[in-house]
Amino acid sequence: MQRAAAALSQQLCGLCTAAGGSCPRWRHCRTPPRPAAQPARPRALPCRCGGCRGAGPDIWPLAPLLGTAPRPPRSTLAWRAAGRVLSLQAQLIAAGRPAGGFPLDLHRSPHCVDALRRLHVLAWPARGSWGQAAPARADCPHGSELRSPQEEMDTSPMVSSLLSGLANYTNLPQGSRDADSCPLPRQAPRMGTFMGVYLPCLQNIFGVILFLRLTWVVGIAGIMESFCMVFLCCSCTMLTAISMSAIATNGVVPAGGSYYMISRSLGPEFGGAVGLCFYLGTTFAGAMYILGTIEILLAYIFPAMAIFKAEDASGEAAAMLNNMRVYGTCVLTCMATVVFVGVKYVNKFALVFLGCVILSILAIYAGVIKSAFDPPSFPICLLGNRTLSRHGFDLCTKMVVEGNETVGSKLWELFCTSRFLNATCDEYFTMNNVTEIEGIPGAASGLIQENLWSSYLTKGVIVEKRGLPSVSPPDTPVDMDQPYVFSDMTSYFTLLVGIYFPSVTGIMAGSNRSGDLRDAQKSIPTGTILAIATTSAVYISSVVLFGACIEGVVLRDKFGEAVNGNLVVGTLAWPSPWVIVIGSFFSTCGAGLQSLTGAPRLLQAISRDGIVPFLRVFGHGKANGEPTWALLLTACICEIGILIASLDEVAPILSMFFLMCYMFVNLACAVQTLLRTPNWRPRFRYYHWTLSFLGMSLCLALMFICSWYYALVAMLIAGLIYKYIEYRGAEKEWGDGIRGLSLSAARYALLRLEEGPPHTKNWRPQLLVLVRGDQEQNVVHPQLLSFTSQLKAGKGLTIVASVLEGTFLDNHPQAQRAEESIRRLMEAEKVKGFCQVVISSNLRDGMSHLIQSSGLGGLQHNTVLVGWPRSWRQKEDHQTWRNFIGTLVRETTAGHLALLVAKNVAMFPGNQERFSEGHIDVWWIVHDGGMLMLLPFLLRHHKVWRKCKMRIFTVAQMDDNSIQMKKDLTTFLYHLRITAEVEVVEMVSSDISAYTYEKTLVMEQRSQILKQMHLTKNEREREVQLIHDKNTTTFSSSSQSPGDEVETAPEKVHLTWTKEKSVAEKNKSKSPVSPEGIKDFFNMKPNQSNVRRMHTAVKLNEVIVKKSQDAKLVLLNMPGPPRNRKGDENYMEFLEVLTEHLDRVLLVRGGGREVITIYS
């Protein structure tokens, strides 16, 4: 051995020399002594997996450091020293620093690199073969990743793998292990179907209801109705498991389980709402398990521990509830402290809790088999047909013989005033005999027929055995202090469903652990469905066996008072009732700890997603990731369930939340299947949308069967959370099914819209709003979008569009900035719609493209909203008014689109303004399909215009009957269901005034001057301003219209067209104008057609200004453009004259169809 050690030391000397020192414990090492300034050896890395135990001498050198095996004999000192050297190197490498005299050159050693890869399970070389590494343990979670599955099966027998898995079994979800329990940042998946899915689901499904309430449910509902109840609940979970398997195998499901599946399938709104409901259900489940623990402790293990004791029988229920509150709060505090200190302690007892559950169930089946040939002795005392409680007497007889004297028994004393036979006794006690029957007749007794049907009880009713004779005194009330077994609550089928359903929950345990599974997409469906099948078989068989073996009055005795206070299901168990009592006690304790461990992590997952802003604080915790704040909130909510203190009251509450969660899992699977999204490719093939829809319907039905008011409250809570996330939550794009559902619904709706034009009753303004941006791509007139928002009472389509001049390649960034600016403004103005920015070589083509191609299919705009062109007279190239008339007016008319032109748009109110009074005036001159009637009606639905009254003015000629017109218009408005004042304005024919003649002449002269004389830019602007000043001086008392952004004329501008001026301009011009042309120009006469149009505009403007000068908004018909394009500029002048001296004007031109009707 010494020679071998010396030979080994020769090979290790290189490592020690490279390390700058020697090992002081190795006597055979020939290296120099260790330097004095050697840093202290770091603490060895802990190993708690247990996989290193019993691995033999190949890894003995690390065992003393890791604390996993006894120290090897002294003869293996060389191996131990070498192991310490390499373990130290591995720690230093893992820390990423040289640490003292150990250089990082040691990384070149393949053995140290292998030690770094495994950290503590070192691939130690076999003796005599230094270059070959010994195999690592397959059952160690930190084993080598270099092993193939075949090699692992060859080196690890199946029995040892199973035992190692049982030793490391945990029922905690992924991410729930204590951070100190393992130094590795990630653990290699190692768990199969049995250990990773089947057993956790089994443990979560079997719970407190099986041991404490299932016998009572069978006794009350009977075997038939109990079978239907169990079948319904198990079918619900089985269908949900099928849907969940499809979702879980459609990709990786991280921590969060059901929340992750629902949120990624139905979106953050549904995911957050249902995730929080599932969190509440898990939290109340913890309260239910704690209450079950206290009930077992106080009712069956240590009844003397009760703090509150009842003075009489009527106060026992209240005393029990108070005891449950006190002890429940203490147990909740202890459990929360254990979870806070570290979930590793919960993890250590997971196998114990699982073993308790399995042993308890096996004890029940063993007792059933034994009862067939040797029933246990649990006699029941009956008075007549009434069941007696065994508290207070031992012998089921009225009289006993003491010596030579017959006296009353202890039972006699409970009903009579004394033990003597001449005492006064209860009348029912006197009239009926006492009988004793077996409480557990056994499976071969034929009892199943008696327990086949239901026997519902009301609160305070005595539990009676059917078929026994009983003589009841007339009109004698029952004394609650007498030793009968009373019903503690009114029972009915729906109540029993709500109490029973929590016993089938827990099917998500496998999906929550997907990260710990070797093959999650195979293990989750198989393990979950097998677990549900197993538990369903246990529940259904238990219903039949309980009804066949246990007497009906014992089944209906919830707390086992008739069987000496024993747990009813325990009376059937073999070898002793204490097997069930102790097993159920530890089982409920473990379930409560697991609920308090899993619920905070679910809340932490929701909080870290950031979809619920006010829950973000619960995403933080301790440095190791433990959700401290979430645990505190969970304990507070769990305390609410503890204060309720009744297991039967808490169970329906958590049933609601679990059923809602399962319902949305089925909905998610059905939606994904029906949409056939490309990413929906689950490996689990045995699903169908009809099964998911059936499961969803069954969950919804069970919610209302359990408790309709709890169902409504749960839906209200989920709805409020949904709306909160929708309006205040962070925007998440997870590719959810709701988005796909929206796309499918939109496609279907668009195809339906293509079937034909909408009916007049369905017509609403679908707006295309054309806006203009400045140099920084900001909207020039945001009031236009405010007005758009105010018109949206019609709830129609809104497209806000803009045009940029240039090419797409050069101006794409500017288009993106413009689109972003428009979106921000739409959000600020609360305009729900779409944004579109088009890049075109010129504005006219861009606007034409928008008018023609905006929208999609049948969802296209039918109305164009635009602002009046600013300062159209000042434009150098006259493109502004040409684009307005040529593109907007003419093309909308050709396309049968309505046109709304807002003049003085800068004065339009914002969404924050309010008109406390005023009028909206409609000047109905020409019938345009009813647009003038509909728009004010829509505006008055908005809070800005709500208090404004509507007035309608119509114009009558001299030969019209104005009185009859007013009556007809009033009747028309009445049938339209529109409230408005009606006024008929008579236009008196008069001679054309000099002002009209002069204004027409100035308009035509201006056009001719600009056409015939080639003025410079500055002179042209001054000429325009001079003519405009002449036109506006006649109304000296009125102010300038705010919407016309016309520049102030330069001071002292005197532009008079004399002959000398013309000659001077002639010399500057390339194409001079002859003096004869100038003379003809000054001698010209206005066109008579233009004079008539101008006369109409002037007279109508005078009437409008007189009637509507104080109106908040004036709507009037927009006349059509002239047929001759040469008169376009005159058309703009007519519109200017028509709307002069009015603050807010909306010119309306209909689209050529009726938009309002008197019919319903």
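Glycine too: its Cβ is placed from the backbone N, Cα and C atoms.
Of all ranges given (230-253, 974-997), TrEMBL attaches the label transmembrane segment to 230-253. As stated in TrEMBL, the feature transmembrane segment covers range 490-509 out of the listed 190-209, 490-509.
Here the transmembrane segment (654-675) does not lie next to the transmembrane segment (324-343) in space: the count of CB pairs under 8 Å, restricted to residues six or more apart, is fewer than 3. Mean pLDDT for the domain 'SLC12A transporter C-terminal' (782-888) in the predicted structure: 85. Across the range of the domain 'SLC12A transporter C-terminal' (782-888), the DSSP-based residue counts are 56 helix, 22 strand, 29 coil.
Within its own chain, the transmembrane segment (230-253) is flanked in space by residues 260-261, 265, 497, 500-501, 503-505, 507-508, 511, 514-515, 520-521, 524-525, 528-529, 532-533, 535-536, 539-540, 543, 659, 662, 665-666, 668-670, 672-673, 679-684, 686-687, 691-692, 694-695, 698-699, 702, which lie at least six positions past its ends and keep a Cβ under 8 Å from the stretch. Within its own chain, the transmembrane segment (349-368) is flanked in space by residues 166-167, 169-172, 199, 202-203, 206, 210-211, 376, 443, 538, 542, 545, 549, 569, 572-575, 579-580, 582-584, 586-587, 589-591, 593-594, which lie at least six positions past its ends and keep a Cβ under 8 Å from the stretch.
Counting C-beta pairs under 8 angstroms (sequence separation of 6 or more), the transmembrane segment (695-722) reaches the transmembrane segment (490-509) with 3 or more such pairs. Same-chain residues lying 6+ beyond the ends of the transmembrane segment (324-343) with a Cβ under 8 Å from its Cβ atoms: 172, 176-178, 180-181, 286-287, 290-291, 293-295, 297-298, 305, 307-308, 592-593, 596-597, 600, 626, 628, 631, 634-635, 638-639, 642-643, 645-646.
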